[in-house]
Amino acid sequence: MEKRAKDVESLLAASTGQKALDYAIQAAELYMRAAAEKGISKEDAARFRRRCQQLIKFAEQLKAQLPASPPSSSKNGLGLLQGASRLHGNVYPPWSHDPLGAEFQLGPDLKPFVDDTVFPLSEDQVANFLAWHRPHELFGPFSAGQDDDLMTESTRLDLVQDITTDCSVVASLSAAAKIWTGKHAVLSTIMHPFDHERGRPKLSPSGKYIFRLNFNGCARRVTIDDRLPASGTDRALFVINRHNPCLLWPALLEKAYLKVKDYTSRNLLRIKAAYEMENVIITLGTGHISAEEGDVMGLIGEHDYAVQDIDSLSRKFLVKNPWRPKFDTPSSDLDSGSANSPSAGTFWLSIEDIAQHFESMYLNWNPALFTHRKDHHFAWDIPTKDFAASLVRNPQFSIVSQTGGVVWILLSRHFADAELEIARNKSGSLAAVASQLGFMSILVFDRQGYKVQLSDGPTYSGPLVDSPQTLARIESRAGKAYTVVIDQQDLALASYTFTLSFFSSGPIDVKEAEEKMRYFSEQQGAWNRRNAGGNSGCTTYFLNPQYKLSVSHATPISALLATGNKVVHVHIDLIWARGKRANTVRRKDLVVSSGEYRRGCASAELDVLEAGDYTLVCSTFEAQQTADFTLRIGSMTPVTMEPIPADTAGKLRTPLRPFTLRGEGQRWRASIDATWVTRAIASFQSSIPSSEALHYDTRSLPALMVRISIIGGPESQSRILAESKGGVEDSGAVIRSPEFDIEPSSTSHGRTYLVVESLWEHRAAQELCGDIFSDSPIQIGDWEAF
């Protein structure tokens with residue numbers, strides 16, 4: 001086995017890229033198998049394990065060097081998935097690949113794997129709990145070969161749960177009993193390590209198990225150890241198989257599930273402990289409830305109720321109801337003897353009833369729980385419509401925790417008389433009035449404390465709330481700077497004052513976030529009926545507003561395009577066009593773009609933009625969408641930005657007489673003359689004649705292909721002076737020629753003709769009309785077929 005591993009290593013030494021990664025994985029697997037062979041010395045086994053670990057690390061380095069595969073979702077989506085990886089103190093990264101077998105082997109120190117996650121136990125479980133034990137302590141010791149009993153079912157899978165923590169676990173396991181293991185084992189894609197030949201899980205030598213569980217938007221990696229809660233009584237604290245009490249994998253799957261899902265109990269225990277120590281005040285709020293529902297349930301809509309006690313064992317709250325004498329629901333009465341009888345005007349509610357009948361739970365924590373606090377008071381003028389979809393005008397702060405750990409961020413909006421007037425003058429429910437006052441939220445970004453422009457990829461994204469306070473809880477790393485951003489939606493007033501309070505158990509530094517760029521310039525513009533050219537797939541793309549960006553020294557660059565029109569999707573292209581107008585976008589000329597079209601705003605960034613003149617194009621996704629916009633450029637060295645006039649600006653417009661094209665092979669021409677040499681551009685647009693429009697569904701017709709040419713010179717020696725893009729255009733939109741010169745016909749150069757040629761047949765007649773834009777007056781002859 002060692003020889004085979006060395007042979008693979010020799011192939012590894014001569015390989016690169018994906019092949020090298022494959023050989024590294026194969027060699028690691030061979031060394032792992034060599035270490036497990038019978039009859040080898042302890043020294044050789046240890047040497048093989050060390051080499052296996054070295055190859056695993058090398059494989060990880062090789063994988064990091066491979067080019068990234070194309071993302072399956074947008075950057076925004078990937079950022080959200082990464083941000084959702086942290087849950088109640090643990091990290092569950094998106095699943096990228098199946099773990100190697102070597103990952104489950106004992107390390108050089110021969111110590112089993114330990115997962116440091118704390119699993120809270122219910123009061124009933126604590127009363128029966130003895131200790132966390134490994135399988136051989138719970139079920140062993142086993143003789144040689146008996147270890148298989150831990151992963152092998154007997155006649156059938158018959159699972160039971162004694163002290164219930166989450167009944168859905170056993171229900172789900174039992175419902176799928178026939179397909180967990182066997183020939184088409186579902187467990188094979190969920191649990192690792194797995195014996196695919198025998199169709200059942202493997203015992204992990206290190207006690208480490210990795211599960212592939214789907215939650216928070218994708219499949220994620222959940223890692224546990226094999227320790228299970230041992231009972232000091234005859235009660236069982238984990239799920240067991242009635243026909244094989246030693247079967248291990250159901251209990252491990254239950255443990256992985258509870259590691260992810262048991263946050264409700266964990267939060268309840270935390271709230272219960274804080275409540276008993278008088279460190280939290282709890283109220284519940286109802287939403288809109290009809291009069292009929294209120295009569296049935298004994299609740300009043302849009303009212304708040306105080307919580308006066310908590311029973312974490314039965315997961316119930318004692319609620320004070322000063323509005324009605326009772327709460328009529330079958331599950332509201334607490335089991336006899338489990339708690340004191342409620343006094344008049346109070347009733348016990350299960351957490352399930354609260355989730356069903358109440359809209360909000362408010363937790364007012366004691367600030368004295370935290371040893372460090374910092375308050376920051378500020379005013380905020382709500383941004384104009386153009387910047388409403390971006391964050392550049394939002395308050396942003398840099399926060400650094402010197403010790404790391406949990407930091408709580410409380411945003412408080414100060415009360416204002418103007419808000420009271422709005423509330424008094426509005427009719428409708430309290431919820432409707434609150435929504436008319438607007439919403440606010442807290443966002444947190446991992447951006448080194450610098451300001452951010454868009455809301456993409458936050459590490460924390462709080463809900464938009466209509467209350468004057470909102471709270472965020474983040475896990476911070478020691479010495480790492482985070483960016484905290486205040487966001488809003490439809491706040492009613494033009495200006496507000498706020499207090500932002502930071503609470504932590506260690507020193508924290510808070511300051512206003514700084515811009516990443518040193519210089520900024522802004523331009524206001526608009527898409528109107530003349531220049532709204534649409535995306536680069538439209539033939540009218542060249543009409544879009546364009547700007548010349550002049551860079552004197554190499555610099556990082558950022559461009560933000562923002563509009564107040566909430567339904568318009570916008571985009572930025574920075575093109576290598578020497579500051580001249582761009583007619584289209586070719587991949588080789590594209591310096592950077594903002595990616596997919598975004599509603600309301602778009603941003604493009606580049607680490608280094610070399611000195612030179614560039615063309616920046618601002619476009620909407622669809623042509624003829626009108627809106628005002630603001631273009632904001634940031635850089636580390638001064639840059640200049642100026643609008644590029646349309647190539648028809650300042651030119652004389654001479655209309656062409658309309659004519660009709662039918663069928664294939666038609667060619668029409670019109671002479672063009674000028675008193676002196678004149679620079680010009682020809683532009684056409686087509687439509688179906690009104691006399692024939694009723695006979696055709698224009699959406700189903702194929703494109704009419706047309707070539708526009710400018711031909712000059714003597715009749716016998718004529719040559720093409722200019723031709724429309726690609727030689728052929730779809731006449732369903734605007735067709736234009738490049739710039740060309742018109743020579744006076746009195747010279748020896750001969751006449752200049754504008755030629756239009758149809759290259760398609762079996763098509764409805766098309767009426768073409770257009771204009772020639774020129775530097776000086778011109779004369780256009782009649783159309784003639786030739």
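Just so you know, glycine gets a Cβ as well, placed from its N, Cα and C.
For reference, TrEMBL has these:
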type	residues	note
ACT_SITE	Cys167	active site
ACT_SITE	His303	active site
ACT_SITE	Asn321	active site
DOMAIN	129-367	domain 'Calpain catalytic'
Open item on the list: Which one is it: of the active-site residues His303, Asn321, which Cβ has the fewest other Cβ atoms within 10 Å in this structure?
Closed with: His303
Task: Whole-number mean of pLDDT values that fall within the domain 'Calpain catalytic' (129-367) - done: 78
- [ ] Measure from the CA atom of His303 (active site) to the CA atom of Asn321 (active site) and give the result in Å, rounded to a whole number.
- [x] 10
